[in-house]
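Heads up: the structure comes next, in structure tokens.
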């Protein structure tokens with residue numbers, strides 16, 4: 001789960017990472033009130049989960065109340081690369097002397113947290129890494145040992161930060177690591193990490209990705225989910241406990257198991273089609289779950305045909321067939337379905353479908369055959 | 001032979017008294033796996049259809065000589081159960097549980113790395129099946145028969161799909177190993193491929209990867225340098241959009257890293273043939289097997 005900038009800053013602040021003071025606002029009135037309280041100059045920042053906000057005009061400095069109002073009006077409701085701005089963050093303006101970069105990544109390959117630091121902050125860090133790899137200092141931390149003071153010193157000296165900020169920067173990194181571990185993050189990124197004119201360090205931006213699987217231990221974080229930014233169909237699927245990703249095509253897909261569903265999308269593409277979604281009904285799905293999934297798939301008006309690709313392990317093909325029959329009873333789909341059932345109880349499943357004789361439901365015996373058929377029917 | 005699970009396996013199941021735990025334990029037992037005990041804290045002294053239940057792994061190991069653990073407890077208890085199994089001296093831990101917090105997996109991985117005598121397979125995996133010998137996990141055994149193709153995969157149902165295609169092409173399997181779709185798998189492709197390389201029964205290796213991470217790329221280099229047996233690969237997720245997690249916590253294309261195309265290229269550059277569909281994997285395997293026979 002990705003947090004908005006201000007949510008990330010509030011999370012940082014809980015762990016003692018210095019951040020400029022600020023307030024979120026969803027209306028122009030709230031924004032102006034917040035700006036008055038914070039004082040001028042202040043910054044109006046669009047809260048959307050996409051990079052390039054500044055270039056798109058989503059970050060503006062307001063030197064007085066009038067400007068706070070003008071900027072808030074312009075930014076609230078603005079579209080930034082397909083993301084509508086529903087919220088702004090009003091923040092005290094900072095007097096910036098230097099812009100650094102710091103991040104901690106859950107490094108899957110090394111199986112350790114990776115801490116990175118650079119004095120070339122405020123720009124695209126991937127470009128820095130490519131053009132001047134030595135400018136980005138990296139250090140893996142043994143998670144059983146934790147982040148030590150010497151780690152912080154090594155990073156700071158190797159990155160070449162100004163000598164007078166080595167200590168405060170080290171303290172900031174220690175707190176950032178604490179936030180990464182305690183909040184169970186997959187990524188915490190600060191770009192820029194600023195040194196102010198009076199030689200203080202602070203996180204001027206915050207990018208935080210939390211581990212969805214750990215949210216049961218962090219109810220406060222779980223409640224931060226940005227439902228407004230979520231696609232309606234994805235929200236509907238999540239509420240029903242389905243693993244779902246919306247895609248651009250017109251072939252609705254239902255399968256069991258993430259790998260098989262990914263493979264199904266690929267095979268549909270090879271057959272010349274394009275999937276409308278990824279939907280993993282999960283292991284051991286009962287008929288009701290299948291019916292509910294069909295409803296989610298068909299809520300996308302782009303869908304012109306649906307493919308069921310099931311290889312039953314824990315999932316029983318007869319349950320899948322029952323779910324589909326029930327869906328036809330309840331929803332009465334008008335688009336064609338292609339169904340491929342193999343694995344546990346496949347004979348029973350196929351028989352149920354044959355006996356039900358549903359309108360416009362085609363059964364296929366192989367994955368490739370089913371993909372070709374559904375692409376042909378989808379048009 | 002086969003790898004990891006066989007006739008010497010003495011299985012203890014953590015979470016044996018849960019609904020799913022009981023169901024799959026009995027399935028494994030019916031297949032012929034030697035299930036010696038189970039662990040459920042507070043239910044020591046009970047039994048599940050004659051399989052004794054203990055409060056701790058330590059009791060189970062002492063009383064029943066268990067050498068393999070299967071973890072079937074809910075995500076919030078799973079890391080603790082894995083660590084307990086290791087502490088009790090179990091040498092092979094197979095974690096089926098899906099949804100374990102990533103930081104728990106990180107701690108477990110780094111702790112287990114300090115013990116050279118333990119191997120973790122999973123979590124979030126379907127387990128290991130050595131046809132004709134033992135089945136530990138949820139792989140539907142009826143689709144597979146004994147043979148000489150070793151299969152290693154990040155995904156359960158995709159393994160069944162590929163296994164089924166191989167079966168239709170006339171192949172049986174030495175072992176089928178699901179390493180799981182999580183960000184920190186206890187065993188990597190490399191770990192399992194090394195086991196297959198050393199297993200005299202395995203003549204051909206099939207690996208099924210997917211988007212996310214760099215495990216397939218690392219395996220490609222390992223195969224080039226260390227594996228003499230032919231390897232056929234499949235990668236799922238060519239059409240996955242970047243930035244979206246495709247069902248498995250580990251299956252996400254971030255930036256330019258972890259794409260199916262990059263994995264395919266890395267494998268092919270290291271001499272591993274990559275099938276474009278599960279069907280094509282079986283066709284390539286058949287071709288290679290044919291040339292092995294005539295060689």
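Using N, Cα and C of the backbone, Cβ positions are placed for all residues, glycine too.
Remember, predicted model here, so these are calculated numbers, not experimental data.
For A:9-238, the entry in TrEMBL reads domain 'ATP-grasp'. The ATP binding site annotation in TrEMBL covers A:45, A:52, A:53, A:54, A:91, A:94, A:99. Here TrEMBL flags A:191, A:205 as Mg(2+) binding site. If you look up TrEMBL, you'll see A:256, A:313, A:314, A:315 marked as substrate binding site.
Shown on the structure are the features that TrEMBL records.
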{"residue": "A:45", "record": "ATP binding site", "CB count, 10 Å": "26"}
{"residue": "A:52", "record": "ATP binding site", "CB count, 10 Å": "11"}
{"residue": "A:54", "record": "ATP binding site", "CB count, 10 Å": "13"}
{"residue": "A:91", "record": "ATP binding site", "CB count, 10 Å": "24"}
{"residue": "A:94", "record": "ATP binding site", "CB count, 10 Å": "17"}
{"residue": "A:99", "record": "ATP binding site", "CB count, 10 Å": "17"}
{"residue": "A:205", "record": "Mg(2+) binding site", "CB count, 10 Å": "21"}
{"residue": "A:256", "record": "substrate binding site", "CB count, 10 Å": "28"}
{"residue": "A:314", "record": "substrate binding site", "CB count, 10 Å": "21"}
{"residue": "A:315", "record": "substrate binding site", "CB count, 10 Å": "26"}
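On a Cα basis, residue A:53 (ATP binding site) lies 46 Å away from residue A:314 (substrate binding site). For residue A:53 (ATP binding site) paired with residue A:191 (Mg(2+) binding site), the C-alpha to C-alpha distance reads 13 Å. A gap of 50 Å separates the Cα atoms of residue A:54 (ATP binding site) and residue A:313 (substrate binding site). Of all the binding-site residues listed here (A:191, A:205, A:256, A:313, A:315), A:205 has the Cα closest to the Cα of residue A:45 (ATP binding site). When the binding-site residues A:94, A:99, A:191 are ranked by how far their Cα is from the Cα of residue A:256 (substrate binding site), A:191 comes first. With an 8 Å limit on C-beta distances, the binding-site residues from A:91, A:94, A:99, A:191, A:205, A:314 that reach chain B are A:314.
Sequence-distant contacts of residue A:313 (substrate binding site), defined as residues of its own chain at least six apart whose C-beta falls under 8 angstroms from its C-beta, comprise A:256, A:257, A:283, A:343, A:344. Within 10 Å of the C-beta of residue A:191 (Mg(2+) binding site) we count 22 further C-beta atoms, all protein chains included. Cα proximity to residue A:191 (Mg(2+) binding site) (within 10 Å) is found for the following binding-site residues from A:52, A:94, A:99, A:315: A:99.
Put simply, residue A:315 (substrate binding site) is 52 Å from residue A:91 (ATP binding site) when counted between their Cα atoms. Cβ-based neighbour count (10 Å, all protein chains) for residue A:53 (ATP binding site) stands at 22.
When the Cα atoms are compared, residue A:99 (ATP binding site) and residue A:315 (substrate binding site) turn out to be 53 Å apart.
Counting only the Cα atoms, the space from residue A:52 (ATP binding site) to residue A:315 (substrate binding site) is about 44 angstrom. Residue pair residue A:205 (Mg(2+) binding site) / residue A:94 (ATP binding site) shows a Cα separation of 12 Å.
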